[in-house]
């Protein structure tokens with residue numbers, strides 16, 4: 001189900017900048033900002049979906065509704081290609097386009113919004129729903145790895161087959177095929193419904209977390225006891241936690257019983273849950289707070305990886321011929337990013353780890369933070385490589401007299417953009433999977449859906465930051481003449497722009513090191529600890 005959805009969504013996203021600039025007549029910077037905001041929305045909706053799934057609807061219902069909404073969104077986007085009145089008029093050479101009207105833009109943005117909401121419903125829950133089908137939660141490590149491989153393989157199909165259809169058969173067919181794939185996604189999901197394990201949602205997690213914040217603020221003047229005493233804390237019936245942890249100690253005031261006669265009912269429950277919370281609620285919030293700094297380090301990585309839209313335009317001005325009769329579509333170069341992810345995961349999981357374990361005589365595995373850090377360094381290196389390639393490409397374009405011809409193809413192989421895609425793929429392979437495992441092993445089992453999606457917060461924020469950076473660079477640099485991110489790449493300075501991102505990425509790596517130091521050791525850092533993590537709702541949190 002998710003493979004079909006990913007082929008459809010990625011197939012649309014990859015070439016969207018070409019559709020917006022060619023069919024809607026948008027400037028490159030404007031189109032890039034639209035895509036960044038759209039990608040940000042697609043990254044944020046799974047976070048909301050995760051809270052709703054864990055608290056109210058359940059994972060199965062969330063995936064089902066997301067599938068239907070995503071299907072409707074793709075039909076509306078398809079209509080912008082099928083109905084001439086749904087998009088501005090452009091001449092046959094796509095050199096002059098009328099400005100899109102407000103209704104045309106509303107239809108476009110509404111369709112993109114529905115696709116984002118649909119993707120949020122599906123992606124918020126499909127990994128956690130898959131883990132629910134496993135006999136033991138400890139099998140999640142292999143599941144996450146190979147699930148990611150499946151998604152990358154689906155994306156490979158999207159950036160080759162779907163992009164080829166769009167470039168050679170037009171947008172009617174190019175958007176029509178994703179619509180059919182989304183329909184197959186829905187059918188694939190709903191047909192075997194009777195075989196699924198469908199766990200019921202718990203009480204509202206979002207409300208419970210909010211209650212801890214309010215209760216700790218209300219009780220801020222209460223002095224905490226100098227030593228742990230069971231009788232002063234509100235313990236949930238059946239809970240394994242008897243006292244709260246000492247980390248983020250100020251939050252312990254939310255579960256501290258001041259006056260048993262006033263704070264508790266005759267049944268032993270809290271008289272006012274906004275003034276007294278259980279230890280479990282407090283530890284849930286602590287766990288979420290403690291993973292957020294390391295998750296936020298992924299923001300800059302998302303900024304760099306999402307520069308792929310600009311790489312499409314860059315590759316379009318370079319020689320893409322592999323043979324005299326075949327050239328790689330500009331948008332298909334992102335397949336090398338996915339190939340690097342798949343190859344590395346397969347090599348790491350099936351060759352590197354078994355070989356290293358055999359040599360050492362015991363299980364060997366890179367720590368989660370080590371993998372996340374390597375991923376951040378790879379993302380920084382990808383921007384350095386991009387700056388070097390663009391500097392060379394721009395110099396050749398000027399020497400060949402193409403300063404005023406942004407669509408002209410320079411005598412430089414487009415294969416030079418491969419270092420960016422390979423390094424960006426490695427950054428995803430190292431950082432993204434490790435971040436999922438990190439969140440899953442350091443958040444309680446009751447927050448499993450949220451754990452599988454907290455890493456997406458970096459992707460959401462990263463797209464917003466990317467849009468903000470692009471807009472700021474465009475506004476600031478064009479005051480001195482031509483913008484760095486000009487629609488004419490030969491007059492702009494995309495190489496300076498990439499250098500700026502490389503510098504910010506290195507600063508982000510320093511921030512990551514500080515967060516690692518503050519966080520301390522994590523139970524997902526070694527194989528044995530990872531196997532023990534997540535056994536109960538909260539047992540492993542204090543060891544992280």
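Glycine is no exception: its Cβ is also placed from the backbone N, Cα and C atoms.
Heads up, TrEMBL stuff is auto-annotated, nobody curated it.
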Between 286-306, 307-327, 328-348, 349-369, which stretch does TrEMBL give the note transmembrane segment?
328-348
Which of these ranges is annotated transmembrane segment in TrEMBL: 477-495, 496-514?
496-514
Per TrEMBL record, range annotated transmembrane segment [choices 29-53, 204-228]
29-53
Stated TrEMBL location of transmembrane segment, expressed as one of 60-81, 236-257
60-81
Ranges 177-197, 261-281: which does TrEMBL label transmembrane segment?
177-197
Recorded stretches the transmembrane segment (177-197) and the transmembrane segment (60-81) touching, at least 3 CB pairs under 8 Å:
yes
If one takes Cβ-Cβ under 8 Å and requires six or more residues beyond its ends, the residues near the transmembrane segment (29-53) are 9, 13, 16-17, 20-21, 59, 61-62, 66, 112-113, 115-117, 119-121, 123-125, 128, 201, 205-206, 302, 306, 309-310, 449-450, 452-454, 456-457, 459-464, 466-467, 470-471, 474, 483, 485-487
Six or more residues out from either end of the transmembrane segment (496-514), which same-chain residues have a Cβ under 8 Å from its Cβ atoms?
294, 297, 299-301, 303-304, 307, 372-373, 376-377, 379-380, 383-384, 386-387, 390, 469, 473, 477, 484-485
